[in-house]
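Student: I have a structure here, written as structure tokens, and I will follow up with some questions on it.
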């Protein structure tokens with residue numbers, strides 16, 4: 001049994017290993033090495049376009065400007081760099097998007113995104129699903145994979161906000177319906193119909209994969225200025241996994257206190273609150289540049305900021321012009 005578990009765990013690692021060879025080199029790293037044309041080509045792959053668009057140009061400009069800032073910062077001590085990053089991380093320019101993404105991670109975790117998956121075997125058994133529980137878990141995994149692939153395709157055409165609203169609404173309906181079914185079934189009001197909880201359980205994970213699962217991670221890498229994006233993304237992702245640990249840790253105690261159906265309804269209520277939060281406060285970022293995204297949070301670029309961002313000497317610009325004559329800055 002132990003050998004089977006090891007082999008099963010090794011298969012995804014092999015998949016990741018082979019996938020690495022298909023991932024394009026980081027445009028940021030290529031810019032740091034003055035390989036601008038390769039960075040441009042890889043940005044086209046990242047943005048899913050075969051043409052050199054304005055969106056790619058804007059991102060490339062931001063990376064080149066970031067490179068010049070890094071060259072200046074390398075001359076300063078590590079302590080000074082850390083203090084400056086920390087100040088910028090908690091500045092007014094960053095706090096609004098950070099509060100938005102942290103709240104999304106909170107609703108993501110407290111609506112059962114991971115805890116229901118981790119305890120799926122127990123939930124399947126207690127929810128009145130009489131099918132083979134392990135087969136049910138495999139089925140859920142396959143459906144989540146398909147839903148994730150479809151989400152990555154649909155998101156480019158629809159946007160994150162509509163998908164998040166659809167996701168939260170679907171999760172709310174599925175969880176509250178599952179809790180109500182368990183309540184009425186235990187009271188003998190309705191007969192035991194295993195297909196109902198199975199359908200609701202699977203539909204919950206499909207809805208979850210549409211928005212509440214991927215969108216917080218995507219926004220964490222999208223909403224922040226380029227020079228703080230790496231630090232902010234790491235910090236917020238760490239908070240998200242801390243929420244994950246706490247929710248998973250207290251789940252058995254919640255079941256003991258409120259019963260399984262009570263916890264399911266609680267997660268459904270949180271999903272409803274998360275959907276309301278998305279409807280009121282989550283902006284749409286599809287098709288917007290970084291400047292436009294910052295403007296959504298009330299940060300309009302000033303002359304001072306523009307001059308600071310464009311602090312690249314003419315000599316450095318000439319070094320970044322490829323020999324084919326295309327100017328990238």
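Positions of Cβ are set from backbone N, Cα and C atoms, glycine also.
Remember, predicted model here, so these are calculated numbers, not experimental data.
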Student: In TrEMBL, which of the ranges 98-121, 290-313 has the transmembrane segment annotation?
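Tutor: Of the candidate stretches, TrEMBL labels 98-121 as transmembrane segment.
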Student: Cβ under 8 Å to the transmembrane segment (133-153), counting only same-chain residues 6 or more beyond its ends: which ones?
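Tutor: Sequence-remote neighbours of the transmembrane segment (133-153) are 117, 120-121, 124-125, 163, 198, 201-202, 205-206, 209-211, 213-214.
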Student: I need to check the long-range neighbours of the transmembrane segment (232-252): which residues 6 or more away from its ends have a CB within less than 8 Å of a CB in the stretch?
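Tutor: For the transmembrane segment (232-252), the nonlocal Cβ contacts are 89, 94, 98, 101-102, 105-106, 108-110, 114-115, 118-119, 216-217, 220-221, 224, 263.
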Student: Considering pairs 6 or more residues apart, do the transmembrane segment (98-121) and the transmembrane segment (165-184) have at least three CB pairs under 8 Å?
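Tutor: Since 3 or more Cβ pairs under 8 Å link them, the transmembrane segment (98-121) and the transmembrane segment (165-184) do come into contact.
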Student: Looking at the stretches 6-23, 165-184, 196-220, which one shares the most CB pairs under 8 Å with the transmembrane segment (258-282)?
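Tutor: Stretch with maximum Cβ contacts: 165-184.
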Student: In the same chain, who gets a Cβ under 8 Å from the transmembrane segment (196-220) while lying at least 6 residues past its ends?
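Tutor: Long-range Cβ neighbours of the transmembrane segment (196-220): 97, 100-101, 104-105, 107-108, 111-113, 116-117, 123-124, 127-129, 131, 136, 139-140, 143-144, 147-148, 151-152, 154-155, 160, 163-171, 174-175, 177-178, 181-182, 232-233, 236-237, 240, 271, 274, 285.
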